[in-house]
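Working notes, structure below.
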Amino acid sequence: MAAPEWATREPCLMGIDEAGRGPVLGPMVYGCMYCARSYNDTLATLKFADSKTLKEDQREELFESLKDNSSIGWEVDVICPKELSAKMLKRSKVNLNEISHNSAMGLVKRALDMGVLLAEVYIDTVGDPEKYRIKLTEKFPGIKFVVAKKADSLFPVVSGASIVAKVTRDRALRKWAFDETAQNMHMNTGSGYPGDPATKQWLEDHKHPIFGFPTLVRFSWGTCKPFFNNAVEVTWESDEVEEDAGSNGSCKRQVKLSSLGFSGFKRKSEEIESTGKGRCKFYQARKLELIRRFQ
């Protein structure tokens, strides 16, 4: 996608803000808005404000007006609950601050790749403002970064980005389509914040003792843990490991027919012994073998 023509000819300002960092439900959305530096005085007259200070209908109206404004550009990065949880729970964990930083930097890179002549970027801080500013400056030398607490109430371009992010998240929640097919799911979620009684009740209503929560939920949040104190315990078995095999001292055992003195026309990857010997105990007990399907 190409940038507007004016954005490729004039130095531009960009504001970046997020919506949905704290809730246990729904996506976290980063939004940006940019305009020519010469348009900044006009931008200040458009009544953009921190989205948290506006009513929903006001945010919707302002979002539609900025979409129709040919002197403004905007982009969003929607990070779904499943992605947030997967990153925060993986073996090499990615914390929420790093996820936030990466999303913001991704929006800057996207604008640059589109051809926007970014001169200044204003952003609401995540963590220490000065450390964040240095990190951004090292990543994108030549761009002036202003990182500040409550930036969405200080700079109109960040206020606009705040509206972009908030409206995008609100619409995503209103139109949320559950991946799960269980009946009686509803969206009476309350605010989505962990301390909201309505949100806690929704979590209670939608928990499953084996499968956990629907994908609307950020299951990495500490809020979710108490709901599964009496959940079904599941043990996952891995293939047996042979300690003295391979260059790194261990490898998965996979007994093949050829190693037992048999030969045939099967591909090597299909030569797993039909008894399942050497594989996970689940397969051994049931004498299951690997079958490869071709479409």
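A Cβ is built for glycine as well, from the same backbone N, Cα and C atoms used for every other residue.
Caution: TrEMBL annotation is automatic and unverified by curators.
For reference, TrEMBL has these:
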| type | residues | note |
| --- | --- | --- |
| DOMAIN | 11-233 | domain 'RNase H type-2' |
| BINDING | Asp17, Glu18, Asp124 | divalent metal cation binding site |
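Taken together, the residues in the domain 'RNase H type-2' (11-233) have a mean pLDDT of 94 on the 0 to 100 scale.
Other than Asp17, Glu18, Asp124, the residues of this chain whose Cβ falls within 8 Å of the Cβ centroid of the divalent metal cation site are, in sequence order, Ile16, Ala19, Tyr30, Gly31, Ala104, Ile123, Ala151, Asp152, Val158, Ala161, Ser162, Ala165.
Counting every protein chain shown, 25 other Cβ atoms lie within 10 Å of the Cβ of Asp124 (divalent metal cation binding site).
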